[in-house]
């Protein structure tokens, strides 16, 4: 009996061991064993602490190694983006001429940086703009900021003046016409060739307020890339003179063309040069006589002078700011979120694909009149600081 009891005890112990092994080593034991063996081989060459925990059979395969790796990569990207922002500051402050390829390489690097709106940066920059320029009160000429009897000096020809009499005064809105300010989402649409085949139209049209520059075409096939919604469009008086022949023979064509902008404001620099005044007033009279839906506004010369001084302190010293930079500056004051489309002063994409200067033609600006690379480096800085967002390529479509 004693030997029989010993045999039963031995059998019981073996069964217990077998049961424990089954509990200890589930069906994935072979794969886990390979992982453990690989871990033991790696341990001598600096295995991470997370991987060493695999030696505990009850510990699941950890994900901490990947998480740590991703955290490290994120930190590296953040540091590189900070360095890039510093480099942009240097780029805009230096006087030496940078090549187009230098800028394109910088933009390639910027695209690797995640973009997030930075509320504090935005508020600080907007406060500085408001302090110097005050678009809310002074962006356009109004009866409130320019009473009858004002002897208004021109923006560029500052020694020249125009007295504001009743007939001119009544062309002005009573106050600033942007009644829904601040707008949540604003799109400032430039005319760069980068917009061709961008498919940004739907995204642009979802914006609460859309700014456009210099009466660009927005109908037909162009609308899928540039959208059609327009709340404000600038008008360069030279367009009225050259394209529409001072609204004499081509008045009907002008009225037909601007009808595509719905009830948008038409913004003209009537008081930048004396030569602009008469033709700008003629646009106003033409729309009034034809009972058009669009309303004419005039840039306030004081606002433009102050804005030029603001950007001059940041290195933009060209003869005159581009319309795009003017409107982007206005948008920062009027809007909570600003996105720029079609701002691309380069002859090719970052993939080296040739581009036309505008999405509708290849007419180049006057040499030396604007300072596009300097302006663009400032816009890149605003992008990197989370103040506004630049669209560099095609838009994502649903």
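Note: Cβ is positioned from N, Cα and C throughout, glycine not excepted.
Note that the coordinates shown come from a computational prediction; the quantities given were computed from them, not determined experimentally.
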Candidate from 214, 337, 362 that Swiss-Prot assigns to the same substrate site as 236, 237, 238, 322, 323, 324: 214
Candidate set 144, 151, residue annotated N-linked glycosylation site in Swiss-Prot: 151
4-24, 25-45 - the range that Swiss-Prot marks as transmembrane segment: 4-24
Fewest other C-beta atoms within 10 angstroms, as judged across 237, 324, which are the binding-site residues: 237
Segment-level pLDDT (mean, integer) for the topological domain 'Lumenal' (25-398): 86
Separation of alpha carbons, residue 200 (disulfide bond) and residue 237 (substrate binding site) (Å): 28
Neighbouring C-beta atoms (10 Å sphere around the C-beta of residue 196 (N-linked glycosylation site)): 16
Local backbone state of residue 323 (substrate binding site), from DSSP in three classes: helix
Integer Å distance between the CA atoms belonging to residue 322 (substrate binding site) and residue 151 (N-linked glycosylation site): 26
Between residue 236 (substrate binding site) and residue 395 (disulfide bond), the C-alpha gap once rounded to whole angstrom: 28
